[in-house]
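This report refers to the structure that appears directly beneath it.
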Amino acid sequence: MLVSLGLLLCALLGLLGGAPPCDPQNQVSGLCPPLEEQKGNCIDISLGYCEDLPYTRTILPNSVNQRTRGEIEFSAEYILLSVLDNLLQGQCNPDLRLLGCSILAPRCEANKSVKPCRHVCESLKKSCLPAFDAIDMAWPYFLDCDRFFVSKEEGCYDPLEKLRGNMEITNEELLPEMPTTFILFSHHTYHQMVRILKKTASKCSHISKTYSIGRSFDGKDLVVIEFSTNPGHHEVLKPEFRYVGNMHGNEVVGKELLIYLAQYLCSEYLLGNERIQKLINSTRIHLLPSMNPDGYDLAAEEGAGYNGWTNGRQNTQNLDLNRNFPELTAEFYRTRRIYGARVDHLPIPESYWDGKIAPETKAMMKWMRSIPFVLAANLHGGDLVVSYPFDFSKHPLEEKMFSPTPDEKMFKLLAKSYSSAHPVMSDKSSERCGGNFANKDGIINGAEWYSFAGGMADFTYLHTNCFEVTLEVGCDKFPTEDVLYSAWKDNKESLLTYMEMIHRGIKGIVKDEYDNPIHKARVSIRGIRHDVITAADGDYWRLLPPGTHIVSAHAIGYKKVMKKITLPAKMRKSGRVDFVLHRVNIPPRRFDNVPLDEIFDRFDPLDNFDPHRGQTVHEPTEDGEEPSVDREKPWWWSYFSILDRNRPMWLLKNH
């Protein structure tokens, strides 16, 4: 009904003489009637951004019913073409600009318009859509391949023909169609990284997908690529693993290693590599190559090999992300002396929210809570060593003091699994990168190296079930491209071996006598003052070193159950230890109706934080006043501020 009224209104306006251009919003909705073949005289193209088209003559009105040069130049469509290169950081240009110009300045021959080819549009959309997704922008309506382009049989032309003669073959086009492990060892801009991750996920769509955990301060998506037999879903008893790179924007080797690792996992799985297939079939793997894309952009401006020690280290707010997490280690040291006090899954202090917190940090914490991670590592640069918690000294005045966690043995085992598989880290020579740690097998307790507060690894251990180490993967923070292959060759085996360590220890399900899973039951190890908590399905994972352990499971309202287990030294698969807990009657006490977790979470602003929220833009109301409720717009919205009320709502994905 609405469409019919719109078409009728357009027809009536036409009868009244000189139909005005159709509103772009109606163009998007399909309310505008299809344009008849443009009739008139061919005129010279006078649009500055369209002067390099493979033709010189156009016709008005154009394909979106714009009738004058002035109307075109002050339109959202033309402004978009003028800023595309900046928005996409060079991706898909000048191709996209020329494609758009073929609609805004259509080809004219014998006083008739000639439409561009549909296959050109479809090919460009396939390769460029990930770049639009990366900045959370919808594909422009006037580049709709079905509405504004035609087939070869209908008589079309290629608006990119002028580029064909000089076209450079892109690196991705060199990739063969058959599955093979082909990796280009180069630095990647943010948009190149996103494009490769999305292309990799598309190639292995049955085991992979990309998603965003939130946005950086400048509005860039923090893009993760996941590998699993059921992408996007947690599976009972399948452990969750994560790698995080580029936490410091100028430490880029880790970022590139994770981009390479994603491509390697995909192609090797397709090729039938049994080790990779076993790893992905038994583990859900998450790779976040860049936690600080804004800092990377700043560091990359100086170029590889010329970056200073700190340029781009922080995010746009000038915050060091690895000093920005809640400081829980000091609380651990204080409460561990109290008998029976809780020293794991510590809540975030209320005072933390009074400080300056990066959106990247909040997004990471929200991510940690949403997925029951078991094992993780964050990749840095500047040295060659594996550092493990605690990173904050147990004595506040000692900058270099050995400060172990209750899981010291397991952390050392994890750290050595990486360093021993690394040909340089395991080298006993002191005359090399990382030589200071040669006598320690390439590993060190973080606080013994140098103490700092607010680190991600300490927070991960004390707030969640997850164990996390820090991987320093090279002495040069932003090296030239010629060393990237060597870095991959040195770290590949270590990256795989460390992931496989997630299957050391035990796993199981905690249920009640009626076979119902018990959420947030505690699994304890005698002699290790650090419990893990069951996930929503009652499943748990507990990393443990070889040996004999007394394991117990307990929950409020249930009787504790204990079991004795023995783990072999060379185990490659988690031992299965399930528990069935029976309800017991507990005398009512004052706080029985208020679970302890609810007391802590009640004052936690992180629960209400939306990590995908963009920068706030205040849209004026009709009377010119600021609205009472903020409307969220992406960071690029300001590019169209000149248009005032005629901004392109059709570029907003949720519009």
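One-based numbering along the chain as shown.
Using N, Cα and C of the backbone, Cβ positions are placed for all residues, glycine too.
All annotation found in TrEMBL is predicted automatically rather than curated by experts.
Annotated active site, proton donor/acceptor per TrEMBL: E472, in sequence order.
Neighbours of C121 (disulfide bond), defined as other CB atoms within 10 A of its CB across all chains, total 22. For C121-C145, the entry in TrEMBL reads disulfide bond.
The domain 'FZ' feature in TrEMBL is assigned to 37-159.
TrEMBL lists 186-502 with the feature domain 'Peptidase M14'.
Under the heading signal peptide, TrEMBL lists 1-18.
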Task: Neighbouring C-beta atoms (10 Å sphere around the C-beta of E472 (active site, proton donor/acceptor)) - done: 24
Task: Rounded to the nearest Å - Cα separation of C145 (disulfide bond) and E472 (active site, proton donor/acceptor) - done: 47
TODO: Rounded to the nearest Å, what's the C-alpha distance separating E472 (active site, proton donor/acceptor) and C121 (disulfide bond)? Just drop the number here, would you?
DONE: 44
- [ ] Tally the residues of the domain 'FZ' (37-159) by DSSP class, grouping H, G and I as helix, E and B as strand, and everything else as coil.
- [x] 57 helix, 16 strand, 50 coil
